[in-house]
Amino acid sequence: MTTLITGGTVVNATGRTRADVLIDGETIAALVAPGSTALGHDLAASAERVIDATGRYVIPGGVDVHTHMELPFGGTAASDTFETGTTAAAWGGTTTIVDFAVQRTGERVQDGLAAWHEKAAGNCAIDYGFHQILGGVDEDALKAMDELVSEGVTSFKLFMAYPGVFYSTDDQILLAMQRARDNGATIMMHAENGPAIDALVAQHLARGETSPYFHGVSRPWQLEEEATHRAIMLADLTGAPLYVVHVSAKQAIAQIAAARSRGLNVFGETCPQYLYLSLEEQLGAPGFEGAKWVCSTPLRSREEGHQDDLWRALRTNEAQVVSTDHCPFCLKDQKELGLGNFSKIPNGIGGVEHRMDLLYQGVVDGKISLERWVEICCTTPARMFGLHGTKGVLAPGADADVVVYDPAGHTSIGYGKTHHMNMDHSAWEGFEIDGHVDTVLSRGQVVIDGGQFHGRAGHGRFLRRGLSQYLV
Ligand code: DUC
Ligand code: ZN
Ligand code: ZN
Ligand code: ZN
């Protein structure tokens, strides 16, 4: 099947141009100047399918390198399956996810990964890869790291938060980083000082401060800055590449910026919730509503300027990637586990469907350029995690993962379940976006068009990733 996307403005991280996109089967065959006869024939006449993108942007499909489908957390599990979550992603113009396989305590790393393959295989509407969460670092886990790298799982997440659940001590982090330096993997870090947070949580609860707002108050920016700094020092010492996930504090960004200016392979990711939402709004939410915005790292104070600083950091490349940390829980029976005790609210916000739109609003609002939107949402995440060449770029030979985005369109995120994620609410209720995802192709197949889902669970393939292409 050949497809021609005509009349649009093709936007890559490197620039924009008026061009038609010729797709042959699953890959992009050529970008051609409109009306070109360069290929020796009238492309529009010979293509089996023509998609009219007049007046719209044609961009690479979004690459969301931080999702948690079915993540077990606090006695429950994230509510999106690979089928519902990847379908919602497609609706929002995301055509690749990299999800976190979990090694539970006491389990072999390889068995944790195998369980994730089983959850995802045959169920995904778009292509997917895995990072591996290490539930502990011992000799077996270190050996498993080498094995996983050879199987295309080339990044490992460690937690400096959540003692007793996912937590790694500094000596374990050091050993994992040494291994990553040797096998080329990237270490992804949840950088918050978990033991100090646990002490603060206990003090708030003892004072009867139990509402969702105190989740944020018990995780102050100092404990994010401190952990970020500690992780950077360990990365410097060992020579491992370090990618700090879900940065929300401007002081943590400053640590990353300082490390980068010293030439270290240290990278920063943030998420839409840290760009738009704040602790003040969580405080103002009635009743238990604030539970919708309980995630870690937490939302930060708008008054302190974290949101503005994160946008600035995205512009200046102090932060490189925007992912969602998609980790959805319903209010009913899930978030409600923390009624009367904020520390029992499962941590996470669902957003895999809204990232491309929310960041496009940043273009409309003059916070980032059109090309930077594509760079931080598509191109850099693909390069950072070994998918460049196939994902995150519109170029000959790349997978035909394409979004036709309408800057004159509009997207309203309503109240309750007005989206496609498996949640009974949304953290983004009431958001209005000055743009719209019109058409989405995944490896040459139309999956979204005309307000309809045309994809299928099982179309998505596992992506064996290479090493990061962001390093020298
Ligand atoms: N943060 C979240 O908000 N959810 C899952 C895990 C995490 O670190
Ligand atoms: Zn995390
Ligand atoms: Zn996460
Ligand atoms: Zn439209």
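Just so you know, glycine gets a Cβ as well, placed from its N, Cα and C.
Residues or ranges marked as domain 'Amidohydrolase-related' by TrEMBL: 57-447.
According to its DSSP assignment, Lys157 (N6-carboxylysine) is in a strand. When Cβ atoms from all protein chains are considered, those within 10 Å of Lys157 (N6-carboxylysine) total 22, not counting its own. Annotation comment: TrEMBL describes Lys157 as N6-carboxylysine.
The domain 'Amidohydrolase-related' (57-447) scores a mean pLDDT of 97 in the predicted structure.
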